[in-house]
Amino acid sequence: MANLSTVSVFILQGFSTVPALQLLSMAIFLLIYLAAVLGNVSIMIAVTLDSHLHTPMYFFIKHLSLVDLCSTSTTLPRALVATMADTKEISLPACASQLFAFVCFGSLECFLITSMAFDRCLAIYRPLTYGVTMSSQTCVSLVMVAWVSGLLFSTFHMVNTFSLPFCGSNTIDHFFCDIPPLMHLACGDTQGHEAAGFIVSGCVIMTCFALTCLSYVLIVYTVVHIRSAAGRWKAFSTCSSHLATVLLFYGTGSSAYMQPTAHYSPLQGRMAAIFYSIFMPTLNPLIYSLRNKDMKAALRKLYPQVPS
């Protein structure tokens with residue numbers, strides 16, 4: 001941290017570099033944030049209160065909702081307040097803390113999605129031993145491993161990023177402290193830090209992606225061997241929501257973070273981060289409730305005054 005003595009405060013550009021779009025963006029993202037909070041909190045409460053949802057699949061969905069809520073709350077409220085109050089400054093410790101929390105919750109989502117793929121795979125590929133294998137102890141262990149791994153992963157990235165010297169411009173072309181714009185801002189040689197971050201992130205992301213793909217290969221193998229069309233549809237429908245989440249997560253995350261800093265585009269980075277850190281936490285509750293009869297029934301009990 002000694003290298004950072006030349007810069008003690010960063011300036012966040014916000015949602016847009018065009019002043020006229022700042023207030024419009026703030027209004028839109030405020031509504032999206034409220035929707036994300038309502039959706040994710042509703043799912044957590046519904047799963048907790050409804051005994052029919054006390055299964056491994058919904059246990060992971062509840063924790064995914066918690067992570068989504070924390071992830072979007074790490075970046076969006078501060079950006080909204082900064083836009084309203086016209087205060088773009090963020091201290092170095094606050095910037096480091098925000099990056100740490102954002103990376104932690106982002107990696108947690110990756111690990112949870114992998115655990116959910118494993119759960120769906122066992123439910124379809126090994127249904128006879130599913131109840132024994134996916135016990136409550138196994139589920140808790142998988143979540144604990146995800147948290148520990150996420151904390152270690154985010155600690156590495158925070159140290160790897162903030163051990164760089166920042167002695168020039170302190171203006172971050174983003175609405176929160178993220179790795180690519182900070183790497184782009186560093187005034188020293190970032191190649192070694194960039195390579196280390198790319199290797200570690202690549203190993204973690206590709207391992208999780210490979211395990212998820214393997215789970216779906218086994219799921220597809222099992223589904224195609226089911227003789228009845230109704231049976232095939234029932235088996236596939238149990239993991240269709242998760243598959244949509246997988247495609248959204250890896251589609252947006254890879255485009256945002258699996259590219260060299262030299263090719264970093266502020267506009268592209270901002271748009272990818274908006275989709276990854278704002279839209280995804282809002283869409284996930286919809287994905288897991290729109291086509292899920294049990295979840296819809298639990299939510300109707302939670303909000304009986306809302307027409308179905």
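Don't overthink the numbers, they just go from 1 along the chain as shown.
Note that Cβ sites are derived from N, Cα and C of the backbone, with glycine treated the same way.
Note that this is a predicted model, so its numbers are computed, not measured.
Feature list (source: TrEMBL):
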- 39-288: domain 'G-protein coupled receptors family 1 profile' (DOMAIN)
- 26-47: transmembrane segment (TRANSMEM)
- 99-118: transmembrane segment (TRANSMEM)
- 139-159: transmembrane segment (TRANSMEM)
- 198-221: transmembrane segment (TRANSMEM)
- 233-251: transmembrane segment (TRANSMEM)
- 271-290: transmembrane segment (TRANSMEM)
Exercise for the section: Would you confirm whether the transmembrane segment (26-47) and the transmembrane segment (271-290) meet the contact rule of 3 or more C-beta pairs below 8 angstroms, pairs 6 or more apart in sequence? Expected result: yes
Problem - Residues of the parent chain within Cβ reach of the transmembrane segment (233-251), under 8 Å, 6 or more residues beyond its termini - result: 57, 64, 109-110, 113, 116-117, 120, 123-124, 205, 209, 212, 216, 219, 222-223, 226, 280, 283-284, 287-288, 291-292
Problem - Averaged pLDDT score, the domain 'G-protein coupled receptors family 1 profile' (39-288) - result: 88
Practice task
Report the listed stretch (139-159, 198-221, 271-290) having the maximum count of Cβ pairs within less than 8 Å of the transmembrane segment (99-118).
Solution key: 139-159
Handout entry: Long-range Cβ neighbours of the transmembrane segment (198-221) (under 8 Å; 6 or more residues past either end)
Key = 107, 110-111, 113-114, 117-118, 120-121, 124-125, 149, 153, 156-157, 160, 235-236, 239, 243, 246, 250, 253-254, 257-258, 260
